[in-house]
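*Asks:* My questions all concern the structure below.
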Amino acid sequence: MSRRRFLMVAGAAAGLGLTHRAAFAGTDVPVHRWRGIALGAEAEIRLIHPDKRAASRILRAAEAEISRLEAIFSLYREDSALVRLNREGSLAAPPLDLVSLLGTVGLVHSATGGAFDPTIQPLWSLYARHFVENPAAIEGPAPRKIAETLGHTGWYAVDFDADLICFSRSGMALTLNGIAQGYITDRIAALLKSHGISDVLVDIGEISALGRDRAGSDGWAVILDPGHSGEGEGVTLRDRAVASSARTGMLIGGDKSFGHILDPRTGLPVATDLAGVSVVAPTATLADGLSTAALVSGYDGLKASLSKFEGVSARALFETGEVRWLGKTG
C-alpha cells in the first residue's frame, strides 16, 4: 500500500492548487513540469528553466533516478534491494543509498526515543494478513500474536556497514515507507541542483523547495493540510523541505477504524493527542522520519525530538482541532 500524501502545492494566486503556470511569473522563463509515480504515489517536479529541450533532458534524468531508487527501496518489487534483504535476512554489498538512509534512520530512531522504527514490517504484515482473512473484523490481531510478532522487531537487531546489512533476530523485515519518500525527494533535488537548477519544487510524496516559484517571491507557496480537512495553513518554503503525516492517512479494518501507523513499542495502532503533523526541516528525509514518529510519540515527544535538531519546526494538529507550531520563527 502506498503512503498517502498530505501536502498541496499552492498556486501563485489563491485557489490555483496544482495548476500549471506557463511561465515564471513576471518573466518569459517557462515553468516545466513532470508528473509520474514514485513508490506507488503520485509525484511531481516543477522547475524553472529558459531552455525547453534542456529542461526535458534534465527531467528525464530525474525520472531515471527515481526508477533507480525505487529498485532499492520498494517493498513491492521482488528484485528490490529491500525485498531481497527482508527475504534473505542479509544483503551483501548493499547499495550506498540504502546504507546512507539506514544511517539517518539510526539518528531519527535515537532522537525519537524509538518512536521511529522501520523494523515494524512484520507487524504490518500481521495486520494485513489478519484483515485479508477477516475483512469484516473490527478488532485487530489477537494480543498473543502481536506479542509474538514484536519478538521479531527491534532496531538494535539491525547491523549494517558498507559491506553487509543483516538482521540478528529471525523473522525480521524492514519498511522504509516512513522515510524513503523523503530520501528520494532529497536525492532528486540534489540531482536537479547539480544540473544548475536553482528554482524547483520536488514533490515525491514529501516536498523539497529550492529557490522560488516566481520572480520577486520569497519561495514556493505550500499548503499544510495533513488530514485533508480543507482548513490547512499556507507557508512559504525556500531551500527547505516539508513532510506531513496523519493518523487517518490510511484506514484498515472492517469499520476502517485502524490507522496505518503502528507503535513499534506496543504493536498497536497509534493513539496519541495528535491527529496530524507537518515538519519543516533542512532535508525531506529528516522531515519525513520526524513527522512519522510524531504520531507515535505525541506532542510532548515531538517537542523533545525537535529540540535535538537545528532548523526544524513543526505544525501540530491535535485531535481537538487545535493547532500549535513548534520552533517556528517569524
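Each Cβ is built from the backbone N, Cα and C atoms, and glycine gets one as well.
Curation does not apply to TrEMBL; its annotations are automatic.
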*Asks:* Return the residue out of GLY171, GLY178, GLY196 that TrEMBL annotates for the same Mg(2+) site as ASP288, THR292.
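*Replies:* It is GLY178, as the record lists it for that site.
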*Asks:* Which one of these stretches, 52-79, 80-107, shows up in TrEMBL as coiled coil?
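*Replies:* That would be 52-79, the stretch labelled coiled coil in TrEMBL.
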*Asks:* What does DSSP call THR292 (Mg(2+) binding site) in the simple three-state scheme?
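*Replies:* Once the DSSP labels are grouped into three classes, THR292 (Mg(2+) binding site) ends up as helix.
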*Asks:* Name, in the order they occur in the sequence, the residues of the same chain whose CB lies under 8 A from the CB of ASP288 (Mg(2+) binding site) and which sit 6 or more residues away.
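*Replies:* Looking at Cβ-Cβ distances below 8 Å from ASP288 (Mg(2+) binding site), excluding near sequence neighbours, one finds GLY178, ILE179, ALA180, GLN181, GLY182, TYR183, THR185, GLU206, ALA243, VAL279.
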*Asks:* Grab the same-chain neighbours of the coiled coil (52-79) for me: Cβ-Cβ under 8 Å, and only residues 6 or more beyond its ends, written as numbers and ranges.
*Replies:* 30, 32, 34, 36, 38-40, 43, 45, 86, 95, 97-98, 101, 121, 175-177, 180, 183-184, 187-188, 191-192, 195, 197, 204
*Asks:* Cβ within 8 angstroms of the Cβ centroid of GLY178, ASP288, THR292: which residues besides those meet this for the Mg(2+) site?
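*Replies:* Sorted by sequence, the hits are PHE116, ASN177, ILE179, GLN181, GLY182, ALA243, SER245, GLY289, LEU290, SER291, ALA293.
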